[in-house]
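Peer 1: Once you've had a glance at the structure underneath, I'll fire off some questions.
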Amino acid sequence: MSFQESDHKALTKRILWKLDCRILPPLALLWLANFIDRSNIGNARIAGLERDLGLHGNQFNTILAVFYASYIIVELPSNWVIQRVGANRWIPLLVCLWGVVTTLTGLVQNFGGLVAIRMCLGLCEGGLLPGMILYLSTIYKRHELQLRVGIFYASASLSGAFGGLLATAITRMEGVGGLSGWRWIFILEGIATVILSIVSAVFLPANLESAKFLTKEERTFATRRFRMDESMISADAIPVERDTHEKEDTIQTLESSPKEVFATHCVEEFEWREVMRGVTDIQTWCTGLAYFGLIVSLYSYSLFLPTIVAGLGYSGGQAQLHTVPPYVPAVVLTVIVAIMSDKLKWRGPFILICLPLAIIGYIVAITAQTNTGRYAAVFLMAAGVYPSAPCILSILPNNSSGHYKKATTTALQLAIANTGGFVATFSYTSEKIKRPNTFEVIASHSVSSS
């Protein structure tokens, strides 16, 4: 290795360390807040929400479903405006808005109010995940991406553990201020989310060029290495509608002068042609359908785990606390799989390795004769489902050239997948609670199909 190569390697390591320390903690906390604020209704349910609001039949499932209706609608337009507004402003704004909505959830008095507030929550939360994936794909190279997605996605697993502990503590405020414990869950978690949004707005840079925590040399080097990596995709992915000389010029520029790639870069303008490139990309639909199967299992797991644990004989605080341990191995495996996937440059094989763990978990849950066996099965479910998600989410950013095509493929993939939220919310209805294994049967089919 030459001195220059050694110097570049050291510089790359230093830059990645600084980026990771500055960007990943805020994103992980925001994703943690996202999952807590979305799924805390499951904790509120066993703390008395249904009883106090007079919900009956499948009204609780309807409340869960309307969230996904509004959530899906905003994913594409949200990704289209990010470049113009700036991810460092847009993402914290979304988080602040849903924090306010979560707080207001603690004040609802009836079914209609809860439906309206959940629809508003979906509108505010829908842009977060596609926005974060797109944002990270403008900071890190292709084969540095999944580790970063895996790290912040692991906080989704952590949210299940942390959310259960938090709900246990907050429900002890029963009667404080004349409010039920479940209302305080929404109020306090919503306020915490607003605070997180303000902190993240301070820490997140708009892009590599504006990252003040990097030196001028580091910013120049980081931007150049990223654009070189992007250009390797672009050289082979310039639309056929464009002049063929453009593709030849791109390749020649790459080969002759990396500095020229850096110097001639300009901000891409929105074009419907780029949107159509994303919409017609077969990878978008294939990965969207694959993630759909995963989403059904993941959402039904996070939303109904407190209810399922309560069905195993636990109640109140004990039920909340028993939702914590199953998420711990999922957090560890999500990070390990992400590291190995980037190192080996594999995505699909790790999905095929992880999902059988979940399938085994569902089979055990169906066949187990004791509550101990069923509880052990939920560990396997989480350990198989959660590590698979970052693998799927990294495929399209790795293979999409052009900002608006990437914005479209990333958001459309998630819009397709999140229709699985409707299946998940009705997989465990009030009638099926009386039949313990119905949820596990449906969810196991979803994992198998993914």
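One is the number of the first residue shown, and numbering goes on along the chain from there.
A Cβ is built for glycine as well, from the same backbone N, Cα and C atoms used for every other residue.
The annotation domain 'Major facilitator superfamily (MFS) profile' is assigned in TrEMBL to 23-450. Residues or ranges marked as transmembrane segment in TrEMBL: 60-78, 90-109, 115-137, 149-170, 182-204, 282-304, 324-341, 348-369, 375-396.
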Peer 1: Run the contact check on the transmembrane segment (324-341) against the transmembrane segment (115-137): 3 or more C-beta pairs under 8 Å, excluding pairs closer than 6 in sequence.
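Peer 2: These two stretches do not touch.
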Peer 1: Six or more residues out from either end of the transmembrane segment (182-204), which same-chain residues have a Cβ under 8 Å from its Cβ atoms?
Peer 2: 22-23, 25-27, 29-30, 33, 36-37, 40, 43-45, 47-49, 52, 87-89, 91-93, 95-96, 98-107, 166-167, 170-171, 173, 176
Peer 1: Excluding the flanking five residues on each side, which residues at least 6 beyond the ends of the transmembrane segment (90-109) place their CB within less than 8 Å of a CB in that stretch?
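Peer 2: Contacts of the transmembrane segment (90-109) (Cβ under 8 Å, skipping residues fewer than 6 from its ends): 30, 33-34, 37, 40-41, 53, 78, 81-82, 117-118, 120-121, 124-125, 127-128, 131-132, 135, 179, 183-187, 189-198, 200-201, 204.
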Peer 1: Mean pLDDT, the domain 'Major facilitator superfamily (MFS) profile' (23-450)?
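Peer 2: A mean pLDDT of 83 is what the model gives the domain 'Major facilitator superfamily (MFS) profile' (23-450).
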